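Asker: I am attaching a structure below and will ask some questions about it afterwards.
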Amino acid sequence: MKGGTIQISWHDGKPVLTVDFHPISGLLATAGADYDIKLWLINSGQAEKKVPSVSYQSSLTYHGCAVNTIRFSPSGELLASGADGGELFIWKLHPSETNQSWKVHKSLSFHRKDVLDLQWSPDDAYLISGSVDNSCIIWDVNKGSVHQILDAHCHYVQGVAWDPLAKYVASLSSDRTCRIYANKPQTKSKGVEKMNYVCQHVIMKADQQRGDETKTIKTHLFHDETLPSFFRRLSWSPDGSFLLIPAGSFKVSPTSEAVNATYVFSRKDLSRPALQLPGASKPVVVVRFCPVAFKLRGSSSEEGFFKLPYRLVFAIATLNSVYIYDTECVAPIAVLAGLHYAAITDITWSPNASYLALSSQDGYCTLVEFEDKELGEAVSISVGKKPVDGEEKKHDLEKGDELMTETTPDESKKQAELEQNEESKQPLPSKITTDGKEKEHIMQKTDDEVMTETRHEEENQPLQSKVNTPVSNKPARKRITPMAIDP
């Protein structure tokens, strides 16, 4: 694995707020506070053992405000973009013999305030958006009209996700709730069923034991509106088995210090978390599953939490770091920290799992390239079939709603202090390397490498901002152990 922060003028030095890969061509789309959407071609650096680079392709200019979210449709024929002021456009691909161009296909107007997140339905026919006006809207893309309004939240809706099996949609808000909606079609007079999503679960609090007493108190599962991010982007697994929800804030006991966490929900029971991934020093703002499933390694000495016939890989981004997990291993398989000066805003995987991209408010993007079969051997997923019976955590989760963890406050403080100390010594490393003999990926860069890479970039990238990168020879390494919920 190699990667680094590509120090070019992505969006005229303004914050990059969102990124997404085209599901077919692999083009990278970025958007931000300069009102434009830009398309980039990724150039592999494996042959020369260098950090991957990008080549500018084109700009999509139509928005009059900062663009907060962009998402390609599953077919790759459409692109949706949401911006400040409620702007929401659908772009359509117009291929030609010489090039490919994107033109505005529809303008979806109803949101009164900023659109913060959106997600396509599996069939490209519908779109769900979340907004600062406290509502989610399901759009009929073909008609260009509102299909359904979900307005139960009482604060900003900062993340939305559409189940790949088309049964559920989920929304996450700064009102400290996550709402799960189930599709319960309504039958029209002509016998045609109309899609209709009804709130099935409101995830807000969990029971906690009060010392040795038999009484319990309820504690919030999510951060409140003081979380310093406009985004809480959640994600379904590509097979629909799991839902990852960021912005978790969990207390081991009612009097303990809150621990930042990501919650894993099983499709079999979406009313409460099946698993939590604690330990990050900063709040989690974005989660994203890799679209590719991988063959089981079968050689791990650690017992995993899920019985799946394949491995799923996912990335968790906090305000200042990224953790990469798979479903076969308890510990993260990679930790990336100290990459940006400002908060991370979005992450995305390439369709072939070769690249992971992330954007930041500091105006830069980071690209990570994985070597061939570094993540494993790809296998197919039969989306549309019922999730496997063994998708659940190995422990029995059916007996109670109590949320427990073995992580102590002292351990969490030590982890937070370690990460903060490492980041203060390494503000903006521009290269990520790994040692193939180690299980964890280690970010490290020598002074000679910095000088060589800086000279090379100055000669070959005229738009690049000339930034002297402080470097630490101390690896930024961190272990986080996910904890199952003890019923």
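Heads up, the Cβ atoms here are built off N, Cα and C, so glycines get one too.
According to Swiss-Prot, the protein carries these features:
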- 11-52: repeat 'WD 1' (REPEAT)
- 62-101: repeat 'WD 2' (REPEAT)
- 110-149: repeat 'WD 3' (REPEAT)
- 152-191: repeat 'WD 4' (REPEAT)
- 222-275: repeat 'WD 5' (REPEAT)
- 295-335: repeat 'WD 6' (REPEAT)
- 339-380: repeat 'WD 7' (REPEAT)
- 387-402: compositional bias 'Basic and acidic residues' (COMPBIAS)
- 387-487: region 'Disordered' (REGION)
- 410-425: compositional bias 'Basic and acidic residues' (COMPBIAS)
- 434-459: compositional bias 'Basic and acidic residues' (COMPBIAS)
- 461-472: compositional bias 'Polar residues' (COMPBIAS)
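Tell me about the setting of these features in this model.
Answerer: According to DSSP, the repeat 'WD 1' (11-52) comprises 0 helix, 19 strand, 23 coil.
Counting residue by residue with DSSP, the repeat 'WD 2' (62-101) contains 3 helix, 22 strand, 15 coil.
Note on the repeat 'WD 3' (110-149): residues 65, 68-69, 71-75, 77-78, 80, 82-88, 90, 155-162, 164-166, 169, 171, 173, 175, 195-197, 230-231, 233, 383 of its chain, located 6 or more positions outside it, place their CB under 8 angstroms from a CB of the stretch.
With a cut-off of 8 Å between Cβ atoms, the residues of this chain six or more beyond the repeat 'WD 4' (152-191) that come close are 116-123, 126, 128-132, 134-136, 138, 197-204, 220-225, 227, 229-240, 243, 245-247, 270-271, 383-384, 387.
With DSSP classes pooled into helix, strand and coil, the tally for the repeat 'WD 6' (295-335) is 0 helix, 17 strand, 24 coil.
Outside the repeat 'WD 7' (339-380), and at least 6 residues removed from its termini, the chain residues within Cβ reach (under 8 Å) are 1-7, 10-11, 13-24, 26, 28, 30, 32, 42, 44-46, 51-52, 54, 69, 228-229, 231, 233, 285-286, 288-295, 297, 310-311, 313, 315, 317-322, 324, 326, 427-429, 432.
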Asker: Over the span of the repeat 'WD 4' (152-191), how high is the average pLDDT in this prediction?
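Answerer: Result for the repeat 'WD 4' (152-191): average pLDDT 94.
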Asker: With DSSP, how much of the repeat 'WD 5' (222-275) is helix, how much strand and how much coil, in residues?
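Answerer: Once the DSSP states are binned, the repeat 'WD 5' (222-275) shows 0 helix, 23 strand, 31 coil.
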Asker: Work out, from DSSP, the number of helix, strand and coil residues along the repeat 'WD 7' (339-380).
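Answerer: Result for the repeat 'WD 7' (339-380), in helix, strand, coil order: 0 helix, 19 strand, 23 coil.
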